[in-house]
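**Student:** Below are the structure tokens for one structure; questions will follow.
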Amino acid sequence: TRRTLRRLREDAQEWLSSLQLWRGDIHLIEELSSPALFWSTGMFGTGILSYFSFLRFLVMLNLVIFLLMFSFVILPIIIAPYASGNVTYNLDDGSVCSVYPSSARRGLVIFHEHITDLLSGGGFLEQTYLFYGYYKVDSIQFPKVTYNLPLAYLLVTVAYLFLSLIWIVKRSATGFKRNLVQDEDRFQSFCNKIFAGWDFCITNENAARLKRSSLLYELKTDLEEERIKRKIAGRTRKEKCRIYVIRLILNIFVIAALAACFYSIYRATVFSQKAQMKKVIVQGNYLPSIVITLANFITPLLFSVIINYEDYSPAFEIRFTLMRCVFMRLTSIGVLLFSLWSQITKCKEEPCVCGYNHVLYSCWETRVGQEMYKLTIFDFIIIAAVTIFVEFPRKLIVNHCDCGLAKWWGQQEFAIPQNVLEIVYGQTICWIGTFYCPLLPAICTIKYFFIFYIKKVSLINNCRPATRPFRASSSNFFFLGVLLIGLTLACLPVAVSVGQIQCSQACGPFVNYTTSWEVLPRTVSQLPTGVRRFLFALSSEAFAVSFFVITCLAMFYVIALAGAHKRVINQLREQLAMVS
């Protein structure tokens, strides 16, 4: 019976794996990057497979977030007329704050204006299910139950952020355990590459040449790191002072460049909001997106040049450059939001009559949602345009032009870290924008679906293996670590807007509340006494302190367990060395 159950379970797992998204495409990419052992790299490197698996994970994550928003926010409004539901709307009370002028175009509309609305989220799209302002519903009275839409909206927001955190931590734990096991010293690394690094399944001459080049590069990198370590150990005090002064000057230059980018984003956002009020369509709609995209394109090139003069080891150069790029990309979103909120909360006459600038932003949540929507659309357009108009022509020029410039330019590399930063940047925008644009996860799901095929075609037809391989063992943990940073950044503006900024009184489900968070304590106060006491106990200081202590004890236990496993691994390696 046990054997039969095990066989049934294996058959069920095999059937479920056959339904997995992009199973055939992932298998094709796996063949292009398949390693014989975990320390070797295939034609494109094991990190390539990690990138496409990571992209599939984001598609599934966004699909789940969309299903949450659709099931608990959009679907009740749709089915209410068919389920004898009575929808109660937040009515206009006649005050100045409750006026929400429509941005839909009237009369004869030119075709290109529809395209402009589609790209900017304005016009006919503004007051649809796409944006926050459309959901001006207080409650839905079904025959046997009253559905509190504002409470559902808030709880779904908390739920999708918490679900993302749990899912990312669960996946990163697997990568951390693999890194713990595969962390090898330099001697073992040399032995593995020299004596066990060759993949004897390779039969293609071109693949064998690429494998040989990859192993040669890894050995050169290891030897270069050893040379730099000896060089660092043998530096005189004068040389140390010189290199530290150079690094200080270059880092000051980097900080100045970042500050200039952030100030440009701030000024572009302020100008954009003023231009939109004057109906200057192009500048008003896309100037912040253009500035952010240019900053994200120029600064990585600048950082890659600067790092060459800072005299770091090759491995540290990659990590340090990536962290600078992560900081630039993710902080640019924060600067954009700060610029928007500085305009939203500032009025000519202080304090604001409505608690926010209702003259410029009758529904400020929809305006923030439109900015996140435009960034998402613009990001996809840039990725597709670079692939079509830069990478494909570059491949043709390199293959069919014999001039020295074309040979020097070379074939396009599939830079895994930069590609990962692109999709992490897009996912951070999605997490922030979902509260203001509930259908944004669906748009991001479609966006990543097309990006998968764009990157796959570009990889197979345009790219050569990277000169600096990125291993799968470090890729998975790095990807999820950067994604976790993006999630942390996304939680901050959402938390501030939910708990601190005055809700719009002209649109959305929270018209009757001062802040979005206020719906939760008001709902709790209407619960039965026993349930209310239980929830108050959960939110008390005593429970918080107890939970914190228990969490710390569990964390110390896990750390001690990881240290014990690490010692066992080292002992097993020593025994293997003795056996050899």
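Keep in mind that glycine also has a Cβ here, set from the backbone N, Cα and C atoms.
Just so you know, TrEMBL annotations never went through curation; they're auto-generated.
As annotated in TrEMBL:
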- 61-83: transmembrane segment (TRANSMEM)
- 151-169: transmembrane segment (TRANSMEM)
- 244-266: transmembrane segment (TRANSMEM)
- 286-309: transmembrane segment (TRANSMEM)
- 321-341: transmembrane segment (TRANSMEM)
- 363-473: domain 'TMC' (DOMAIN)
- 477-496: transmembrane segment (TRANSMEM)
- 542-564: transmembrane segment (TRANSMEM)
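Let's see these features in context: how buried, what's close, how far.
**Tutor:** In terms of DSSP helix, strand and coil, the domain 'TMC' (363-473) has 86 helix, 4 strand, 21 coil.
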**Student:** Is it true that the transmembrane segment (151-169) and the transmembrane segment (61-83) have 3 or more CB pairs under 8 Å, sequence gap of 6 or more?
**Tutor:** yes
**Student:** Who are the chain neighbours of the transmembrane segment (321-341) in space, where the CB to CB distance is under 8 Å and they lie at least 6 residues beyond its ends?
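**Tutor:** Distal contacts: 254, 258, 261-262, 265-266, 269-270, 273, 288, 292, 295-296, 299-300, 303-304, 307, 367-368, 371, 375, 417-418, 421, 424-425, 428-429, 432, 478, 482, 485-486, 489, 492-493, 496-497, 501.
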